[in-house]
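**Q** Handing you this structure, nothing more for now.
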Amino acid sequence: SQQIQFADDMQEFTKFPTKTGRRSLSRSISQSSTDSYSSAASYTDSSDDEVSPREKQQTNSKGSSNFCVKNIKQAEFGRREIEIAEQDMSALISLRKRAQGEKPLAGAKIVGCTHITAQTAVLIETLCALGAQCRWSACNIYSTQNEVAAALAEAGVAVFAWKGESEDDFWWCIDRCVNIDGWQANMILDDGGDLTHWVYKKYPNVFKKIRGIVEESVTGVHRLYQLSKAGKLCVPAMNVNDSVTKQKFDNLYCCRESILDGLKRTTDVMFGGKQVVVCGYGEVGKGCCAALKALGAIVYVTEIDPICALQACMDGFRVVKLSEVIRQVDVVITCTGNKNVVTREHLDRMKNSCIVCNMGHSNTEIDVTSLRTPELTWERVRSQVDHVIWPDGKRVVLLAEGRLLNLSCSTVPTFVLSITATTQALALIELYNAPEGRYKQDVYLLPKKMDEYVASLHLPSFDAHLTELSDDQAKYLGLNKNGPFKPNYY
């Protein structure tokens, strides 16, 4: 097996390992799935001997070259992926229809950094239909669906992203979105905070003129609060991550379904009777534990928060320290948003063929950097699956190099992403149209009325019928008949 050399991490924000000296092995399930560029069944990342997208001269059918994607010729397949996603994202489509006449985002110049998938494409095209101009890059070097990026580029969106970017590519793509003559962003949609920090550090004049930031991850929100605390946040920001429609749906139900998909697709593991430790029992951890328990796995939980720990106990899980179970478990899953949750010491003590993966946003939870040493051998066995081999022959199975498992290795349920995407769209509309002074230079939660509106847009899919309060009942509860029904802190 070939020894892999990794470049030193240079960036101070999120560290992105480069793809030096390694060929990506394409894993296709069937020939037909490869032919149709199905992101679910085959991985369309490149071998290293192919030309980098940055060196290619590509134009779309309208003659524009204001994008950088893997292969613009895949646009037709990407369009099909987007059309499939639209079937399960009816709330965004109805938002387009309702707001198309008034164009609430006319004049908005949105720069975005999220996972570029068919579901995100539906969001981006909704923002464009509402009047916005968009430039987009990827927040994860592995999660981009190349054919979807091509379809967006063909439709005229300035998208800079491909699956399997290097660290240098990642920051180059973000920079190309922000640094352009004759176009200045006035809104930011971010997932993880990398774009926000890049603009803040490199383009302070642009940052000062931003009208609002919408952030959807634990990691990114944490960074915003740090900026705010230091008095350096000079624009209002909307914390979508902690809105009910993100936490209780995307984090919980999405992870409950996609954790199994990611693990099965990469390792073919059987969960019945396996011992699994889930680090963190927030909404993501709760979703993962519920799915694993349902398949008959023996699940342990690690937690720092006594409230979440008590919830885990009441749900029937043993709450332990990682060091107590590390020798016996078959799978380790991190769901904390923290750093160095799984250390080199833990990795050294794991048993042979233990699977290690991350469901949190960033790549900091597993100390992958500590594994890049001469005495350990890295063997790429499938796309996004590395065997790290110790001198005594012990192997640890590392998935997606410690990055987000579900978006790097599988797909996520479209319907749940519709809820999050609708929330993001409404947050952008709210911040962009807010009268001066409504939002100060701080981090805000989404107004509860908006959460409820997002939920109501998704109820017709289930043919669900809401009960209405009578005047007498509304008075008794001290509520408006039309909501909001819960306080903002709920």
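Including glycine, each Cβ sits where the backbone N, Cα and C put it.
What TrEMBL says about a protein is an automatic prediction, not a curated fact.
Pulled these from TrEMBL:
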type: REGION; residues: 1-65; note: region 'Disordered'
type: COMPBIAS; residues: 26-45; note: compositional bias 'Low complexity'
type: BINDING; residues: Thr117, Asp191, Glu216, Lys246, Asp250; note: substrate binding site
type: DOMAIN; residues: 251-412; note: domain 'S-adenosyl-L-homocysteine hydrolase NAD binding'
type: BINDING; residues: Gly282, Glu283, Val284, Gly285, Lys286, Gly287, Glu303, Asn406; note: NAD(+) binding site
**Q** Widest Cα span across the NAD(+) binders Gly282, Glu283, Val284, Gly285, Lys286, Gly287, Glu303, Asn406, in Å?
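**A** Comparing all Cα pairs, the maximum is 22 Å.
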**Q** Say we define neighbours as other CB atoms within 10 Å of the CB. Which of the binding-site residues Asp250, Glu303 has the fewest?
**A** Glu303
**Q** Please find, for Thr117, Asp191, Glu216, Lys246, Asp250 as listed binding substrate, the greatest distance between any two Cα atoms, in Å.
**A** 18
**Q** Using C-alpha atoms, which one of the binding-site residues Thr117, Glu216, Lys246, Asp250 comes nearest to Val284 (NAD(+) binding site)?
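**A** Considering only the listed binding-site residues, the nearest one is Asp250.
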**Q** Using all protein chains in view, find how many other C-beta atoms are within 10 Å of the C-beta of Val284 (NAD(+) binding site).
**A** 28
**Q** Could you state the CA-to-CA distance between Gly282 (NAD(+) binding site) and Asp191 (substrate binding site) to the nearest Å?
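**A** If we compare the Cα positions of Gly282 (NAD(+) binding site) and Asp191 (substrate binding site), the gap is 18 Å.
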**Q** Fill in the CA-CA distance, Asn406 (NAD(+) binding site) to Thr117 (substrate binding site), as an integer in Å.
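**A** The separation of the Cα atoms works out to 12 Å.
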**Q** Going by Cα-Cα distance, which of the binding-site residues (Glu283, Gly285, Lys286, Glu303) sits nearest to Lys246 (substrate binding site)?
**A** Glu283
